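Pulled from Swiss-Prot, these are the features on record:
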- G120, S121, N122, G123, K124, T125, T126: ATP binding site (BINDING)
Amino acid sequence: MDTQDLLQNQNVLVLGLAKSGYAAASILHEKGVKVVVNDQLPFEENEPARILAEKGVEVVCGSHPTELFDLHSIDILIKNPGIRYENVMVEEALKRGIPVWTEVELAYHLTDAPFIGITGSNGKTTTTTLVYEMLKADSKKALVAGNIGTAASEVANQASGDEWIVTELSSFQLMGTYQFRPKIGLLLNVFDAHLDYHHSRKNYELAKQQVYRNQSETDVAVVNLDDETVVRLAECSKAEKVYFSVRRTLERGACVKDGAIMFNGEPVMPLEDVVLPGEHNLENILAALCIVKTAGVSDAAVRKVLTSFTGVKHRMQYVATIKNRLFYNDSKATNILATKKALSAFQKPVILLAGGLDRGNEFDELKPHMSFVKAVITFGETAPKFEKLAEEMGIQQVKRVDNVEQAATAAFSLSDEGDVILLSPACASWDQYKTFEERGDMFVNAVHMLK
């Protein structure tokens, strides 16, 4: 798509200079689009702002002056996905009827390359990685983008028309899309998450539904038959539906039958040959299979990946065995469902390290999955809630610490040979760490210090 035609004579305000905002501002400036950047961080502390200013981009830092809308006759606002809609600049834009994009929408307008859009409450990163690796294993041209790493607009700006752009999409990113239309769209699952941001389950579902909403008859919607909400939300899509199910046998789509992974009634490979740990990953595998078979990937390429792929960093990542204690980093478990799945993967004593940003959740849903938990080490804003949970479960060994580094040390001191020490916080990291990656890296480093 021709960005200059779309944004001709348009004035764009980029709000927030994390990686997506920086990428959007840089690309628009390079294409000659009139752009101004606004970021809360003071200019002298803001390296991305200084780089943009050196390029000739107008940058306003340290506050959010609504005067910018009139001063620059703003037509479109592109915001960092993490910035809430209660932000004064976002509220002002909406009040004026100005579209509020995330850079995923911009990415869509930068290229004719087909998008594979992958979203869901859990499993996005693993599924995105599986799809990308399977495409590459079959010598398909593919790029990976979005919530998983490189900003979508940066990838799209470099993509050729015959490359698949495999894009991990959060609800925050999707909420700021208008015309974004993935050639293949997937909603893995839906449950209560990010309600502090979206304010209601309905709003959260509407954001997730954007992965399907703009699809046409020539597109494909991959649908989880085991999730009633996903099935309902997919009804808006005009695309061909391709289904997968962990629980039932399907003649069309992906499932498991007689110990084999199946697609359209034909065996792809024995389930026992899959090396990716955890039953919860079967959902991700079947979803990825639907996507790549739609894209023409061979069974041989699927088998090549599934017999070697052991998982992604920060998602049930094996870290080390120290004195016969097994350490796992599941820092990407930023919600309750992810931690439920992590706990269900082990049939031996577990020391759970949990806590983080308090979004108002209670954690009673974890109780049925805590039968193997022998101790809880907790930290962050939700520490009191996890202490209460442990008490209600009759867990005697409970300790509150300041951070994940201390949690690793405390867990090791409480552990016995054969124990699993599992960081699976069930909470976002933002009360103490910039990202779940930073939290996970701090934990991994602390574990290695125990050797």
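Glycine is treated like the rest: Cβ placed from N, Cα and C.
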Taking the centroid of the Cβ atoms of G120, S121, N122, G123, K124, T125, T126 (ATP site), which other same-chain residues have Cβ within 8 Å of it? I118, T127, L188, N189, N284
Winner by Cβ contact number (other Cβ atoms within 10 Å) across the binding-site residues S121, T126: T126
Counting every protein chain present, what is the number of Cβ atoms, excluding its own, within 10 Å of the Cβ of N122 (ATP binding site)? 26
DSSP three-state call for T125 (ATP binding site): helix, strand or coil? helix
Ordered by sequence, the long-range same-chain Cβ contacts of T125 (ATP binding site) under 8 Å (at least 6 apart) are N147, I148, E168, V312, R315, K332
What does DSSP call G120 (ATP binding site) in the simple three-state scheme? coil
All chains considered, the count of other Cβ atoms within 10 Å of the Cβ of G120 (ATP binding site) is 26
Non-local Cβ contacts of K124 (ATP binding site) (under 8 Å, 6 or more apart, same chain)? I118, N147, I148, E168, L169, S170, L188
